[in-house]
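S.K.: The structure's right below; bear with me while I get my questions together.
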Amino acid sequence: RERAGCAKGWIPFDGRCYGFFPQELSWRRAEGFCQRLGARTHLASIHSEEEHQAIVSMLASSQPYSDSEEEAGEEVWIGLHRPLGRRNWEWSDGTKLDYGSWYRDVFLRRRACVALEDTTDFATWDVELCSDRKPFICEYRT
């Protein structure tokens, strides 16, 4: 059965649905995976403290984070990235960057993709190598 218009296993928040995927992919492959799930599905974009909290709560209740200490310790991809040759961050779904919760927002040439930082219980964002393989969150609008 669908929850608030979301597919089974997805979490609803404010007209969007979020799904956590534990398989580890590069940022680009994760975005491609999300897009293949359906029209208008992308890596998650975050536009408010409330939306961020909803995602953090979902991660807290997702495997493998809740079961064993040594499993915890991975950042989780979201849809923020800096396209090649650009200086500005962009969401993969094309929405505007109007909220931030940076652990560090630094211009590191080789680090152009953003993940939720596990050491702060996913409360902050950090810049990572896009080729790093991490679990990820997909999102679609209902």
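A Cβ is built for glycine as well, from the same backbone N, Cα and C atoms used for every other residue.
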S.K.: If you follow Swiss-Prot, the disulfide involving CYS130 connects it to which of the following: CYS113, CYS138?
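M.R.: Answer per the record: CYS113.
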S.K.: DSSP-wise, what's the residue breakdown of the domain 'C-type lectin' (13-139) into helix, strand and coil?
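M.R.: Looking at the domain 'C-type lectin' (13-139) with DSSP, the answer is 26 helix, 40 strand, 61 coil.
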